């Protein structure tokens, strides 16, 4: 919100507690709109667990890495379209109607997936969900930002990031709850419609953004909303500040020739170009550091680290999800004190270190995997189709001994059956079919063997969990929430909807690139090589963010515009609005 009567530089989290105790409507508004973040987070988490059981129910999904990636990433593809449409809807119809439409799309997609008879219908439902999530992902933080007092704006917008991580954590809990229920993944995906329904009901009782109302010449409504947000002694000054700011925006828009060709004309402004460059780079960086390799495929990564059981993988994934939620709380405490830029760069430095550690751990997992036993393989595969075809040929030719890693990378698709006494001892390399799985798991008690189809038994698996946890701790407080906050602050009001839409599309497009290629990259480069690639990309992004993204802590919207338009602008230089 506009206004120069507060010194945002001294903002701390206690201001949020103080203001919301005096004006509880602020908190109600922020959390109701922030459920859009919960939808985003729930979708991210729920598919990671549901995919394990979709693979079990549909053999074509189990056999095709590309189909698995498509089921995950089609929601992202839908989100790209939804984010772009959301930018236009935000400017044309308002922030609140955009959120309501997003809720309806998400609810429809959840119902379609719940009753899907085939992978194709699951994919159709994922597209619908993506359309809704894409719209909500850029509208919710924008709505919160425009309806928040300046000195607690960062903390309130961070509630959207908190609810993203809360949605992820909730989805893992729900996934675990339905692992023993008939229809596992159908329940997991169907329950996803509940947050959308809750938000739809809550948003019906909330007002439109006062900034949007004032801009549409609905001044009385805007003032009424602001009186519900600000303490009585502050509201008149804030209304006046809003009037001055919006009228200045509209005057500048008229000088550009009206609404037609708004973006093309806006790009002639250094303010918009610099803001859009920073905003888009933040959103792209948020995805290209590889976060959704962890959040969409967390149970799969746990299995790659040597934990074979679906339920075990889901349970261990709760650790990363819980740390992500905790990191968002840290962000709420420090984003207005430490600053957006500093928090983001510190976060990215930690990410680079953790990705290097992950790469090293998975390299150790690959190079120390158990051998394949000729006798053990023969004992478990008496039939002609029991042994992995490639291993059978290698054994017949008397070539080099195979390891579990080689077995799982066989082109025909093979699995490793661990030794019953010690999973690190030589095991069997079998064809990945139902008969082989049953033969492997036929024992009971201490004689029961583990079937590995994603990763090999390893004594290094716990190190992978430590590295994943450290990665999330580094990511969540900075790169997890700050990019959305930056994008709610760096655009002039008249271009905020369209620029926010462009940045959100960039976020989802980068997300799609990562989610549609991760499993394929692990097959081509190996898990260690894939994480090392993300490490290198993250290091390059650190340099770009340092050069391009300015500090917006404590600045009013008009002061941010003044900073971006200054002749001696350098992103790494501290801006003094009084100079």
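Cβ atoms are placed via backbone N, Cα and C, with glycine included.
Nonlocal intrachain contacts for the transmembrane segment (29-54), taken as residues 6+ away from its ends with a CB within less than 8 angstroms of a stretch CB, comprise 61, 68, 71-72, 75, 99, 102-103, 106, 119, 122, 126, 129-130, 132-133, 136-137, 139-141, 143-144, 147-148, 156, 159-172, 174-176, 179, 184-185, 188-189, 191-192, 195-196, 198-199, 202-203, 206, 229, 292, 295-300, 310, 313-314, 317, 321. Positions annotated as transmembrane segment by TrEMBL: 29-54 (among others).
The domain 'Major facilitator superfamily (MFS) profile' annotation in TrEMBL covers 29-553.
TrEMBL lists 66-88 (among others) with the feature transmembrane segment. Distant neighbours of the transmembrane segment (66-88): 43, 47-48, 51, 54-55, 60, 98, 102, 105, 119, 122-123, 126-139, 296-297, 497-502, 504-505, 507-509, 511-512, 515-520; these residues of the same chain sit at least 6 beyond its ends, with a Cβ under 8 Å from one of its Cβ atoms.
The transmembrane segment feature in TrEMBL is assigned to 100-118 (among others).
According to TrEMBL, the feature transmembrane segment maps to 124-144 (among others).
If you look up TrEMBL, you'll see 156-178 (among others) marked as transmembrane segment.
Under the heading transmembrane segment, TrEMBL lists 184-206 (among others). Sequence-distant neighbours of the transmembrane segment (184-206) (same chain, 6+ residues past either end, Cβ-Cβ under 8 Å): 28-29, 32-33, 35-36, 38-39, 42-43, 46-47, 49-51, 53-54, 57, 96, 99-100, 102-104, 106-107, 109-111, 113-116, 122, 125, 129, 132, 167, 171, 174-175, 178.
Annotation comment: TrEMBL describes 343-365 (among others) as transmembrane segment.
Beyond the transmembrane segment (460-486), the same-chain residues lying 6 or more positions past its ends with a Cβ under 8 Å from any Cβ of the stretch are 141, 145, 154, 157-158, 160-162, 164-165, 278-279, 282-283, 285-286, 289, 291, 294, 298, 301-302, 304-307, 316, 319-320, 323-328, 330-331, 334-335, 340, 343-351, 353-355, 357-358, 361-362, 364-365, 368, 507, 549, 552. Feature annotation from TrEMBL assigns transmembrane segment to 460-486 (among others).
What TrEMBL records for 498-519 (among others) is transmembrane segment.
Feature annotation from TrEMBL assigns transmembrane segment to 531-549 (among others).
In this chain, the transmembrane segment (531-549) does not touch the transmembrane segment (124-144); fewer than three CB pairs sit within less than 8 A of each other, excluding pairs fewer than 6 residues apart. Counting same-chain residues at least six beyond the ends of the transmembrane segment (343-365), those with a Cβ under 8 angstroms from any Cβ of the stretch are 282, 285, 289-290, 304-306, 331, 334-335, 455-456, 458, 460-461, 463-464, 467-468, 470-471, 473-475, 477-480, 482-483, 486, 526-529, 531-532, 534-535, 538-539, 541-542, 545-546, 549. Same-chain neighbours of the transmembrane segment (100-118): 36, 39, 43, 58, 82, 86, 89, 124-136, 139, 186-187, 189-193, 195-197, 199-200, 203-204, counting only residues six or more beyond its ends whose CB sits under 8 Å from a CB of the stretch.
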